[in-house]
Amino acid sequence: MATSGVEKSSKKKTEKKLAAREEAKLLAGFMGVMNNMRKQRTLCDVILMVQERKIPAHRVVLAAASHFFNLMFTTNMLESKSFEVELKDAEPDIIEQLVEFAYTARISVNSNNVQSLLDAANQYQIEPVKKMCVDFLKEQVDASNCLGISVLAECLDCPELKSTADDFIHQHFTEVYKTDEFLQLDVKRVTHLLSQDTLTVRAEDQVYDAAVRWLKYDEPNRQPFMVDILAKVRFPLISKNFLSKTVQAEPLIQDNPECLKMVISGMRYHLLSPEDREELAGGTRPRRKKHDYRIALFGGSQPQSCRYFNPKDYSWTDIRCPFEKRRDAACVFWDNVVYILGGSQLFPIKRMDCYNVVKDSWYSKLGPPTPRDSLAACAAEGKIYTSGGSEVGNSALYLFECYDTRTESWHTKPSMLTQRCSHGMVEANGLIYVCGGSLGNNVSGRVLSSCEVYDPATETWTELCSMIEPRKNHGLVFVKDKIFAVGGQNGLGGLDNVEYYDIKLNEWKMVSPMPWRGVTVKCAAVGSVIYVLAGFQGVGRLGHILEYNTETDKWVANSKVRAFPVTSCLICVVDTCGANEETLET
């Protein structure tokens, strides 16, 4: 039988691998013999003098491994003709290891020798060892050593290592500034660090805290630098409450007129209109926001069942939840607060319950002007939008309302093009998208496939391409320029199919279906992954959570993590950053 082309190609690859292994084995054997000759001082033509130790070697081997020795032995330098070559300011053990590496291509890098090895490899220009040390240190970077590693990398001209250390410093600044390494930095490095836009913080008060900690660590000697250091704090970004109660009361600030001016400037910023604030720059440029995203689920018909789901470790934690039960309500998250609105018991609930995730506190505000259930809600630019829904037992509504979180006031906006309830609504790139739903909560209420978008700038609605599948009680999430409609039900029953709306193309496309069919789906997205955390099938609820990777179009049923037990729950993504930290603000 003739051998196929694929088999021939595979055979050639195998033969090449075997030949390469044999060559490597022979080379290792030759070098092993040379290393033994070195140890026995056979044919050695140079002795490296390191303090009191004499290390024999062959010039050609050292020159091949090190650009430093190559230049030394091949130019007219004095050492090129000397049998003994003195290496000043070198450690004997480290030089011994580098010479051994030149013969064996093997070296042990560990936490005890890495700094000395890196210094020597850099000085004697042995790039493979330098790379091994850099790779080792990159894996060791943490809050306690990142500043020192950054300084070391700068001194030894290791840009890749410095970049890794600096990225860690910026991303974990709230941990780094509480370490001894930070307190011992010189003024130049602290000033540079506090000026970075890429510092990842919950709020600017943490940058202020870092500056004050550094100044107070050696107050008598650091007093002259106080204005330069505090000038890097962006006081307009600090809350008015923290400025007045904490910053102004700080003795360092009170005793320095220049610093007091900075604080007063920050206070004045809070008195400006949004338009006037936009004209300012520099001191009002935001830092990189620190995030800790979790998915919050509130019990709905079982209010005591409220939990966070952490997508990092797949853990569930309880949320203290005192409010009464609500059927068919909605919830959204904005600026540390979850807003729970709409829904009904026997009658529509007028009150809006609010939960501050950082302070773990509940309070109530006036709810939507038109109390109703089966509505949808989302947040954008400090405003909470509610759409559609139905007053108990009635048809779906065209209604569209807006709550301004700054003025704490409700406003009625232009109605939707289509009446709908039990629909989905998301914010994407500043626009409000509404998809699906039904014309009423009764059996005869037609399920919709229609979609529309609202532009807050022009206060106008525009009809969009309809979904492929009519659906209500579905999940609707926004991920990277795509809006995903997940499950739900049509006029015949539960759905397992999933489709997404391409915002740029104005078209819907089907993707892989869920490994479960549900008439009600409760899902949310963190990063590129959609998590289905609760749902109802008609005769039973979702048992374990489902995950959908939007980049690979793959579903995973996680059999190790139980789903949320309440199918009528409310769901939203929240940022809990700061919830478990020491609170600076009083």
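Using the three backbone atoms N, Cα and C, a Cβ is placed for every residue, glycine included.
Averaged across the domain 'BTB' (44-111), the predicted model reaches a pLDDT of 93. The domain 'BTB' feature in Swiss-Prot is assigned to 44-111; the stated evidence is sequence analysis.
What Swiss-Prot records for 146-248 is domain 'BACK'.
Long-range neighbours of the repeat 'Kelch 1' (294-336) within the same chain, counting only residues 6 or more positions beyond its ends whose Cβ lies under 8 Å from a Cβ of the stretch, are 342-345, 349, 353, 355-360, 362, 373-379, 382, 384, 386, 405, 422, 522, 524, 526-527, 529, 531, 533-534, 545, 558, 560-561, 564-566, 568-576, 578. Annotated repeat 'Kelch 1' per Swiss-Prot: 294-336, in sequence order.
Sequence annotations record features per position, and here Swiss-Prot assigns repeat 'Kelch 2' to 337-382.
Annotation comment: Swiss-Prot describes 383-430 as repeat 'Kelch 3'.
Taken from Swiss-Prot, the feature repeat 'Kelch 4' applies to 431-481.
For 483-528, the entry in Swiss-Prot reads repeat 'Kelch 5'.
Positions annotated as repeat 'Kelch 6' by Swiss-Prot: 530-575.
Counted with DSSP, the repeat 'Kelch 2' (337-382) comes out as 0 helix, 27 strand, 19 coil. Broken down by DSSP into helix, strand and coil, the repeat 'Kelch 5' (483-528) contains 0 helix, 25 strand, 21 coil.
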